[in-house]
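Right, one structure below, let's go through it.
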Amino acid sequence: MTRKKLLVVEDDLGLQKQLRWALDAYEVVFAGNRDAALGQLRRHQPAVVTMDLGLPPEPDSAAEGLLLLQQMLAIAADTKVIVLSGNQDRANVLKAMALGAYDFHQKPLDGDMLRLMAERAFFLHAVQQENRRMLQNEADSPLAGLVTRDPGMLRVCRSIEKVAPSSATVMLMGASGCGKELLARGLHNLSARHDRRMVAINCAAIPEHLLESELFGYEKGAFTGADRQTLGKIELAAGGTFFLDEIGDMALPLQAKMLRFLQERVIERLGGRSEIAVDVRIVCATHRNLKAMVDEGRFREDLFYRLSEIVLAVPPLRERMGDALLLAQHFRHRFIQSEGRPALPFHPDALAAIEGYGWPGNVREIENCVRRAVIMSEGPHITLEDLGLPPGAPQAENIDLRDARNAAEYRVMVKALARTGGNIARASELLGVSRPTLYDLMSHHGIK
Ligand SMILES: Nc1ncnc2c1ncn2[C@@H]1O[C@H](COP(=O)(O)OP(=O)(O)OP(=O)(O)O)[C@@H](O)[C@H]1O
């Protein structure tokens with residue numbers, strides 16, 4: 001593994017040695033003056049720098065050090081600079097902090113303290129970089145606005161990107177509020193039809209007797225109250241994409257008419273006499289199990305196959321790794337801005353509850369929950385009460401890497417021993433370690 005780089009700006013060779021020793025967990029590069037430091041910064045791009053303010057040619061003043069600090073932060077603003085100061089340097093340390101230094105450490109050097117400081121600085125830098133990458137990805141993504149880090153959901157996004165340029169009919173299956181419409185919009189935006197309209201209709205929200213005229217439109221006088229010609233949603237989407245949400249809720253007689261449209265790509269307005277050719281890309285969505293509905297005779301099999309040229313299963317939020325927290329932070333940022341509220345971080349208890357809760361209403365539920373909390377919170381944190389999550393939400397799982405490694409090690413070791421009936425030689429072969437290593441591991445985990 002490559003070690004993290006840390007730049008030490010120090011002209012005193014004795015101190016250089018001490019620093020190399022104290023910071024031996026990192027790849028330390030040195031510079032003895034301002035020019036050399038700027039060169040090393042450009043070359044190695046270290047995340048963390050320690051620097052003495054008194055540098056040649058004026059080692060007794062802080063002028064050279066303060067200038068260097070400004071120049072370094074101008075080149076790489078995220079660099080975490082730790083200033084090493086003497087005890088007479090208070091005023092200069094304050095200046096350095098005001099210029100953007102990350103922290104300071106008073107000489108004589110305390111190795112433990114310095115290591116801790118460097119570790120925290122690297123951590124903060126990594127978090128900031130990750131945030132920056134996330135924001136960048138979000139802005140760059142054609143599926144803009146879709147927040148996820150979950151491998152399953154990312155696979156769905158990649159599939160959307162792949163099928164978008166084709167003319168295939170796509171069916172999105174997934175629970176309510178899990179982002180099907182957002183994905184359909186992404187698909188439309190990525191397709192050659194993006195400069196035309198995407199028209200959506202929710203089959204569950206419109207009474208059965210009105211749905212037909214909503215879909216196909218009607219001519220003047222087609223029925224009482226039809227006082228002028230009205231185009232249907234399918235026709236309005238001509239050249240673009242037609243999104244049929246909750247297709248599973250469409251009644252059987254209308255399913256037959258929909259099938260005819262899909263086969264012949266023509267519509268007839270209610271009360272009309274002519275067939276009108278309409279070129280639209282169809283995307284549909286449902287939270288129902290359409291296959292089961294077909295088996296029960298509640299959904300036409302031929303329509304099912306017409307609609308499901310490409311089927312994408314959108315995972316519910318509870319199955320997405322880490323997405324609940326990511327989405328909560330995303331919506332918190334968004335609503336803080338739109339509601340004009342000051343920064344309102346989540347209280348750790350609130351974070352634990354967000355992670356532990358099952359989110360049956362999926363992303364829509366988390367969006368509403370965070371919006372309410374941002375509006376209601378009296379600060380300085382968003383608390384568990386602000387979120388209104390059920391009390392006693394389970395605590396977040398432990399994500400300590402060492403614990404996770406230990407648990408995984410224990411699991412595979414027990415498996416290998418079980419598979420080989422406790423035969424150490426064969427178990428160590430299975431595990432790909434030597435016998436002494438396996439004995440060590442067994443004793444570490446208390447396995448007899
Ligand atoms: N991954 C995501 N990132 C950011 N916002 C999301 C994400 N998924 C969904 N949303 C937001 O959550 C809300 C619900 O999403 P959407 O309407 O797409 O869900 P749906 O599956 O179509 O729901 P329904 O089945 O109830 O129609 C919307 O406001 C949407 O913008």
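Cβ from N, Cα, C; glycine included.
According to TrEMBL:
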DOMAIN    5-122  domain 'Response regulatory'
MOD_RES   Asp52  4-aspartylphosphate
DOMAIN    146-375  domain 'Sigma-54 factor interaction'
* Can you check what DSSP calls Asp52 (4-aspartylphosphate), collapsed to helix, strand or coil? -> strand
* **Helix-strand-coil residue split for the domain 'Response regulatory' (5-122), DSSP-based** => 56 helix, 25 strand, 37 coil
* So for Asp52 (4-aspartylphosphate), how many other CB atoms are inside 10 Å of its CB? -> 24
